[in-house]
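Reviewing the structure listed below.
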Amino acid sequence: MLKRLLAGLVALVALGTLGPARSALAEPVRTRHLTAELVAAADGAAPGSEVQLALRQVTDKGWHTYWRNSGDSGAPTELTWTLPAGWSAGEIVWAPPSRKPIGPLMNYGYAGEVLLPVKVKVPASARPGQTADLRVQVAFLVCSDVCVPEDADLSIRVKVVSGDPAPDPTWGPRIQAALDAAPQPGQVQAVLVSAPSGLKVAATGPVLAGGSVKQAYFFPYETGILDHAAPQALERGPEGLTLSLKPAPGAVAPAALGGVLEVDGKVYEIQAAPGVAPAGASGLGPPPSARPAGSASGSLAGAILFAFIGGLILNLMPCVFPVLAMKAASLAGHGHDRRAARLQGLAFLAGVMATFLGLAVLLLVVRAGGAAVGWGFQLQSPPVVSALALLMLAVGLNMSGLFEIGGSLQGIGSGAASRGGGLGAFLTGALAVVVAAPCTAPFMAPALGWAMTQPAAVSLAVFAGLGLGFAAPFTLAALAPGLLARLPRPGPWMDIFRKILAFPMYGAAAWLAWVLAVQAGPDLLARLLAAGVLLAFACWLAGLAQKRAILGQPARILGIAAFAVAALSVAGAVWPSSAAADASASGGETSGLAYEAYTPERLAALQAEGRPVFVNYTAAWCVTCQVNERVAFSTRTAAEAFKASGVVYLKADWTRRDAVIAKDLERFGRAGVPLYLVYPAGGGEPRILPQLLTPDIVARAVRDAARG
């Protein structure tokens, strides 16, 4: 009798502690990079009904999981259920995914918290008062810059009740919100159209009518059908829209195409069957373009014209000022010798063209090898930056009169030029191209971005147009008799002019030293400074040897010593090193404007939250970028606009090579920095700002983004 009483008490205690649907068995499970749990919308379920559960997952910052179609890589989350007899689980109701560009790939998935609802059928034979343990093994692929397979064994206890269960006050509303946010069928009618350029999805419906669509994107349910990373061109119509889609390589045209259509932040489930596109799905053209006015037309002639104009403007960019000084000195020295001036102009043109085409060939070869590089890639190498800094220093010392090269004003390779040759002007043209690399002028960026997607011959033609534009002002000035006649005759003023022009060279050397410090850290900067001292000593030795030679005194040993010290200086500066500057992983602040370090995952997470975002693709060696930093970003106007609007400021630093940033630039039709993208609140395609900014341009863009 006592045993039965004790057993009854134990049973009552057990029933009392089982409680509602959530119990100790429903505690969250922590894996390496996420937290997962099963949650229920109500505290029980009646026989023959369904219990609404949801898999809740919260990934760590910078990590994500995948949608049902993971895109170009990854794997979707998988559930393996263990249920009591008669109980059965339905399919996952997938939440709308986010796009996650990773290098050249496009993936679809979730960052942060997401609820994935699942219904479980309760058998009619279940008896009220019973409890059921529902267990599921979840397999995740969790990715950041690496991917880690993880799994979690989750469970929840559901009580069978006779009437309607009480909603869970926490999870009931949240699961219902997840169900409401999931794409629903029937609101949009879609047709799949085969076109010579690929596939098109034409969608119509009352929710799309009006022709005011700003952005749209199609997430296919099946993988291997579409090129996920390819842009989806949008055309609006009075009753809907048309998206142009690129098939995956080797893909067979599908009998139908199902997926999720995202339009201005809202999602619809569509099933596009082959057919004729309705007239109302097109005819209004694309939405207001994300590209700035003056983008390349897409034709070879247009790209060459844009490149030529960009080359002309490149002469006005700050990074070319030092070499403009050298060109001015050369032109002044030969202004009244028409033959020599013409030779200078043509040789300079040849140097510019040869170097532009040489850089283009090198760029194309490196890209063909799989490396993600763009315009200015040579300045992402610390040895190249060090060598250029020493070269600028040597040119400055030459123009200051510390030593001579053939007695010419040209300052580099001009001994041949002073004897009637054009080697000095040729080398000046080559140097001008090398130091112009940090700048990207208006018109030039879209032309080069388009060229990078074309065959090699087309790319070289565009680079040739850029070179012609860059060399045109100096070459035409050298060939114009009227202009040459206006130049003052050579005299003592030229020596003063020459020494004045040395200081832009010193400034260029100092700037390159700063670039090296940002790029590779203080150790390499110290090496460069020591190399600069050695180089100055070598130049002084060379000048001393020249003076002794003029006086008929022995100078050979001094000349050899000068060469040896110069070689030691250059070797010490460019010798490879593993040192690298510590890039800020968390961000920082510039003149009161706080920023975060850019990653695709951080951008995707912010967009998933509906936050407006400003992404600044920049580099320390990009003079245009640094001018914009001082003129536009480091101002009270910009700082107040960012603060008032709540726009998140991300910096993508391309000072050192970064394949992810290079692919981003390519995706937006750019071959180099700067690039400024403004993502509106609530999602959507970014707006591309001009390459030359003012505080008002930045402030207006930020305020517009906050309004969505």
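Placement of Cβ uses the backbone N, Cα and C atoms for every residue, glycine included.
Shown for the domain 'NAF' (380-404): DSSP residue counts in helix, strand and coil, namely 19 helix, 0 strand, 6 coil. Taken from TrEMBL, the feature domain 'NAF' covers 380-404.
If you average pLDDT over the domain 'Thioredoxin' (569-707) in this model, you get 82. Residues or ranges marked as domain 'Thioredoxin' by TrEMBL: 569-707.
Sequence annotations record features per position, and here TrEMBL assigns signal peptide to 1-26.
As annotated by TrEMBL, transmembrane segment applies to 300-325 (among others).
What TrEMBL records for 346-365 (among others) is transmembrane segment.
Sequence annotations record features per position, and here TrEMBL assigns transmembrane segment to 385-403 (among others).
Look at TrEMBL and you will find 423-445 (among others) tagged as transmembrane segment.
Per TrEMBL, the feature transmembrane segment maps to 457-479 (among others). Among residues of the same chain six or more beyond the transmembrane segment (457-479), those with a C-beta under 8 A of the stretch's C-beta atoms are 300, 303-305, 307-312, 314-315, 327, 331, 334, 341-342, 344-346, 348-349, 352-353, 355-357, 359-361, 364, 429, 432-433, 436, 444, 447-448, 450-451.
Taken from TrEMBL, the feature transmembrane segment covers 500-518 (among others).
Sequence annotations record features per position, and here TrEMBL assigns transmembrane segment to 524-545 (among others).
Feature annotation from TrEMBL assigns transmembrane segment to 557-575 (among others).
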In terms of Cβ proximity under 8 Å, which residues at least six beyond the ends of the transmembrane segment (524-545) contact it?
382, 386, 389-390, 393-394, 397-398, 401-404, 509, 513, 516-517, 555-556, 558-559, 561-563, 565-566, 568-570, 572-573, 575, 577, 579
Tally of DSSP helical, extended and coil residues in the domain 'Thioredoxin' (569-707):
58 helix, 27 strand, 54 coil
